[in-house]
Amino acid sequence: MDEETQHSLECIQANQIFPRKQLIREDENLQVPFLELHGESTEFVGRAEDAVIALSNYRLHIKFTESLVNVPLQLIESVECRDIFQLHLTCKDCKVIRCQFSTFEQCQEWLKRLNNAIRPPSKIEDLFSFAYHAWCMEVYASEKEQHGDLCRPGEHVTARFKNEVERMGFDMNNAWRISNINEKYKLCGSYPQELIVPAWITDKELESVASFRSWKRIPAVVYRHQSNGAVIARCGQPEVSWWGWRNADDEHLVQSVAKACASDSRSSSGKILNGNCTREFSNGGDLSDVEFDSSLSNASGAESLAIQPQKLLILDARSYAAAVANRAKGGGCECPEYYPNCEVVFMGINIKLGNFQSLSSVYSKPDRKEVWLSALESTKWLQHLSVLLKSALLVVHAVDRDQRPVLVHCSDGWDRTPQIVALSKLLLDPYYRTIEGFQVLVEMEWLDFGHKFADRCGHGENSDDLNERCPVFLQWLDCVHQLQRQFPCSFEFNEAFLVKLVQHTYSCLFGTFLCNNAKERGEKHTQERTCSVWSLLRAANKAFKNLLYSSQSETVRILKPAVPATDTPFLLSWGLLSSGFI
């Protein structure tokens, strides 16, 4: 873009790109009952029965006599007319809103308005986050640099990959290397551009592995235990199919993860000792031919130190039956016969949207406690959280207690996989329980590795397919809440932090959770054209600080929760959602 073109674009005002809508009042005496955000314009104001109702390009606001409802439009899942005069709104966070009108015609008119307002956008710029940012930049034009800084997430987020590699102490001289094979997303559109792999695995081998893994999502290391060097890696399922395909490079890569762990933990100086000789390897050197003995031995009287790779745990989030069934679609699972020194465990996690819909139904029908709790149990929501926590604990025990590397995947590696991996890292590392560390965790495991927020939340371009919607990220946050309940002094952030994070995952006030992967966000320039949710949920915001947290406490470094943690899901505490947006 030349300087003249850039200057001409800067001259276009926000009100030209995102013009205000004309306000329609059903009663001339009615006023907008809330303070509008920058870029927000109210389109309709009317009277419901014992309430004032208003609809803007961002929210639905209903002011009752003794309470109010304040909900972002993108947080509303569906609207239907019940009992002739009543609108029934179901929200994506399980809230249910009812609004009574005086006439059937008025009820139908507001039903039409709301259904038009909550329809998925035809283009991403229709989402409010773009108008909000553009108007903010114009309003604060004289303080543009300062406002820009406030909209950004902070250096700990933008430099997260480099910082995490250094913090976790990866041996980048001998055991591991950073591959740029995915630069400009040329290998995998849903993966980050920089990947940690064993040092002797070449990019040519990674290309071969990508052809064998679902959506080219190759095994990539995302965490290293700072004491023993054991790692957690993640990937998509192998494409075995009914034909039982194999890939020698994939088998070599999986085994190399365990060998690299052994090299990293035993040889911080970059040297491997074998008998009386010392062999040195540079970055990219071949360690695959080194003999990895089953034990440390000096049987012949000569002092020797051999590297012993631990048995790698492959944790498949699916059930065995589901994994085998995926072979009909070209997928499948690792055969232990072809992956020596590996153990495959199936967790039987099945994400069903029906569980969440059933949960919403339970919340909309308050009943006697005994009946209500029975209905809650029948949704199997809590059972699902329990299995997720158990899966994470299995990873923690393998990495910390047994010093074993773990490879986690499900089918495609962007739903159940981040749930388990992110929970495991949260249990293992106190850094991720700080506000800044939690932001880094979400960015790396959910955003960088391509969780499909646009499809799962329903705010993507023309995302009308209801089968793609599922509260995967919300389930994970509910698990985090369970951990907060059990370890109230171990988290720097409080429940309000999680409540706001849930709200703004769906609200589209911020651009953090737009699109399905980092590649799409880069193509849409969301980082430059929208504000980051971390600018609100920043460490300096005292409203989100846990007063019981002690950063000096080392009594609980690794969390090992009892499962299930509680008989109450996180959703019960979401009454805070009605109290404003910022």
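Note that Cβ sites are derived from N, Cα and C of the backbone, with glycine treated the same way.
Mean pLDDT for the domain 'Myotubularin phosphatase' (155-577) in the predicted structure: 85. Positions annotated as domain 'Myotubularin phosphatase' by TrEMBL: 155-577.
Feature annotation from TrEMBL assigns substrate binding site to ASN326, ARG327, ALA328, LYS329, ASN350, ILE351, CYS410, SER411, ASP412, GLY413, TRP414, ASP415, ARG416.
The Cβ neighbour count for CYS410 (substrate binding site), using a 10 Å radius over every protein chain in view, is 27. According to TrEMBL, the active site, phosphocysteine intermediate annotation covers CYS410.
Same-chain residues at least 6 positions away in sequence with a Cβ under 8 Å from that of ASN326 (substrate binding site) are, in sequence order, GLN237, ARG318, GLY332, CYS333, SER411. Of all Cβ atoms in the protein chains displayed, 10 besides its own lie within 10 Å of the Cβ of ALA328 (substrate binding site).
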